[in-house]
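Presented below is the structure to which this report refers.
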Amino acid sequence: MTSSGKVRIYELSKDLGLENKDVLDAAEKLSIAARSHSSSISETEAGKIRTLLKQGGSPVASAPAKPAPGKAILSVRKASSPAAPSMPSKPAAPAAAKPSPKPSAPSRPEAPLPLIVQKPVSRQAAPQKPVSRQSTPAAAAPAAAPSAPAPSAPTPRPKPTAPKASAPAPTASAPSAPPRPTSARPTPAPARPTGTSPVKRPGSEASSPRPTAPPTRPQPKAPVNRGAPARPAPKPELVGRPQPKRAAPGAPVRQIGQRPGVSPRPSGPPGQRANMPQRPAGSQRPGAPTRPGNAPSKPGQPRSGASSLELVGKPIRRDGSNDGAGGRSDGQGRPPGAPRPGAPRPGGMPGMRKPVAPGELMQLQKPNSRPSAPPPRRVDGTPVATRSGEAAAGGAKATPPVSRPTATPPAAPRRPGFRPGPGAGGQRRPGRPDWDDSAKLEALRSKSPQKQRQKVHIIGENDDALTAETGGFAGERQAMVLSASLARPSKPRTKHKPAPKPVAAIRKRRKETARQRQRRRAMELRAAREAKQVRPEMIVVPEDNLTVQELADMLSIESSEIIKSLFFKGVIATVTQTLDMPTIEAVAQEFGVPVLQDDVEEAAKKTVEMIEEKDHAHLIRRPPVVTVMGHVDHGKTSLLDAIRQARVAAGEAGGITQHIGAYQVEIQHNDSPQRLTFLDTPGHEAFTAMRARGTKVTDVAVLVVAADDGVRPQTLEAISHARAAEVPVVVAINKIDKEGASPDRVKQELSEQNLLAEDWGGDVVMVPVSALRGENIDKLLEMILLVTEVEDLQANPDRLAKGTVIEAHLDKAKGPVATLLVQNGTLRTGDVLAAGPVLGKVRAMVDDGGGRLKEAGPSCAVEALGFSEVPTAGDEFEVYPDEKSARAVVGDRASDARASRLAQQMASRRVSLTAMSGQAKEGELKELNLILKADVQGSVEAILGSLEQLPKDEVQVRVLLSAPGEVTETDVDLAAASGAVIVGFNTSMASGAKRAADANSVDVRDYDVIYKLLEDIQLAMEGLLEPELVEESLGEAEVRAVFTIGKSAVAGCYVTTGKLQRNCKVRVRRGKEIVFAGDLDSLRRNKDDVKDVATGFECGIGCDRFANWKDGDIVEGYKLVTQRRKLAT
């Protein structure tokens, strides 16, 4: 109970031991406003609900569901008969389903028992008299003896052959009905059964079949009920209103709560009406649903007044009042779920019905008397049986009598009678108008055009003549004769033509199927092709550009996928459009394929042949050059340390190699000393060019793979370099001593790259080693020498030297220093050489151990001093006989180098017009100016390449100067003038540079690990971006009451999630629409201003600029927080 003395629904349900839904249903029935289980109601209302639930049990079981306004509610109730207390509780359909001997009549397999549709209220009514419930028209014996007579043998009914062409009428049971001449009408039975002597009900199986209307039908014998006088076979006649709630067995039952009102008249022909059961042309199949509302009379069968249900009582109102005289109590012995044979089954479509006043329920009753001589009439929905004997009543058709079952099976329950209602004789209560002509017109439209049109009078469900025991026969005397032109006979013909429509559809489907077959085959072929295509591990891009189609072919995907990917990135591309390198990398990265530039692979190819023809006569064997490659942290330098017995890896910054290291090792092989030259390449992804240069000059590539990590991206790149240089590969599986090492897994992954181990049947040497413990190092060296012996490595030491610049840097004491690998000839001190556009004269040479050398033969790696400037790493050098010839070559190369360098600088500053305009709209073009100084040329290349990969959509990186060497005072002056940041990598500051930087407030950063350098540059770029505001959700509340205070309004809310804070941002959501967004100006709880309200508490919310609160509104609270922006990738 709340503090205000109210009770919540869930508390009440807990007290009563019921579900919340049951209590809510009871509250809804009592018109108590309760939205959910947490709604509050007063103690008085709670008491009403307790009383209702204690008296009637669960609302679901005690009361029908509350109807929508203007709809009647039907409830199915078990009827218990005082006259038949021993009636079984289960449905008696199996017992009642036994047909009388009727050989030719088709029977329905399952005939449900009649359905009593009524409101469960006590009725002040006279005792009802039971009559025989037969769905077949029984005119021969309106009154039956209490004992079941033996049925006479019926004449077999021939199967109808002529189909009907009429559409079903909404208020009639069949399109055509035989007319009933007055001369053929029998008089009512002199004595009717009383409520204590019920007549046994014949099996519904015999009356359920609905054959199609035959043009002629033989006259069957009419069975005579024992105890009733034999009478001539009368014509079928209407003994009650056409009842929308009754249909033949097998008809769909209207669900409880369905509106029994008049359905709107369909605009199209009957054959095209949606949501209406379509009857085949002429006949009703056994088991096929009949339109609810059709009369249950069968073709060719006389109708008995004692065997048909009628609406003879006034509709029962929900308030329990019973104005009419008809009413059947709940105690008539029918099982609760057993439907009556004439009731429509659930799921069926209701037919055309008349509107029912809100709160009314229909009641089915039987008449207790029949009019003596009603005028001829026609029951809608009964097929015409014969055309013989129609002389009476002006040529109207007469239905011959048929054999009717007179006895029920022994197990069939006795049906109690019904009480006669007042107004017997078919007198209509004065003051009630006839039903509208639309129903009559619809009934007339459904008639077959071949049949003679009859006078049709449609009696609605709610007509006051429901109180009449005859069900409105008296109203027929005022029936309106409709014009024949209103029948529109052409519409029913469409029901005969359902066949052409499927034919046309089939034809259309065949055409579509052919196209779909072609599409399906194309899709299957494409899917098979895609299944066969394996996505490559890496793609090589030639000339830094590809078209969309070429990229799709390389990635083994559809070009449309690439176009879609580019579209989501804001790039509109076609199949033939050329993509630049950054776009190609972005697309390939999305599909998980790394990209290798073709120029990098070209750098790994041996483009210059070091041995000329004149050298062939002087060739001798040279030591092999071995390049150690692999992924970062896989143990390359540690392996070289183990070979050289040195400790290089321990002294490297960050524990990673960032330069090419050249070492010479002398080992014993076959009792003779052998020399090996090792090049240690960096494994970081930024040093791709360095690895390519190392592979270009190598003779054997040693691929180091960690046994606990397997094949990684740089491993794949190293394999690509080795294949481009066409050098043999020796795999060293390192770290076999670590826990989790799996050499076999490494071999399996390498086999997927077409590197198959020798012990697996391949030709690739794979040696498991441990660099830290020194395991299998000798075996690895032996395998390297065996591989190089096969290669037959030779050179001419008696000529001028030729080779490659492995690395270059600027030493503040020594000047420009280059690491040279002599590949042919002998390099001596004092030689003049040209390394690309750089001229140099060798002043000194130093080996890897720091010792001075006078000369260096083939496969020797040395550091040379004496260059005019720092040469470019990767350039070939050649010694010339004199300085003049060397200067001529260098001059030509310098002009070319200058042009390419200018192009690179322009490319680094290039900004597209689209990007400039977009940034100009934001108010400022954001740029980060850098001056890059590094220790060696290779490091400058690596850093520039990594900077190119940073996203530049929002911030441009401009490298004003990049060179190896120290940071000088000139660099500081340039940075101060341009607002640049000086980035140094493994270098120092010259004298005066530090003082100049402090004086000009220039930011100078020095790094020794490339990871940290790139990370700080990216953070600096993000620092130029404006911070963004992000919504942070606080909570939600539901408006449950609105209070008006002056001109403003306050919403009484219940906080469902999170919490609400004063002065936070709120959105008011009504359904799916946001009706207000602004600030929460007032937040109160129990008339006290509070800062916040947590979940589960009620509060009052006020907004100065919003007062249109409504119950059920959702208030979302949030706040805006600033967040550092990231670079868009």
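Just so you know, glycine gets a Cβ as well, placed from its N, Cα and C.
Source: prediction; values computed, not measured.
Here Swiss-Prot gives region 'G4' for one range in the set 470-473, 582-585, 734-737, 1082-1085: that range is 734-737. Checking the ranges 630-637, 710-717, 878-885 against Swiss-Prot, the region 'G1' annotation falls on 630-637. The feature region 'G2', as given by Swiss-Prot for the ranges 620-624, 655-659, 745-749, sits at 655-659. With a threshold of 8 Å between CB atoms, the same-chain residues lying at least 6 positions outside the compositional bias 'Low complexity' (33-42) that come near it are 2, 4-10, 12-13, 20, 23-24, 27, 49, 1054, 1111-1112. In the predicted model, the region 'G3' (680-683) has a mean pLDDT of 64. Sorting each residue of the region 'G4' (734-737) by its DSSP state yields 0 helix, 1 strand, 3 coil.
In the region 'G1' (630-637), the DSSP tally of helix, strand and coil residues is 2 helix, 1 strand, 5 coil.
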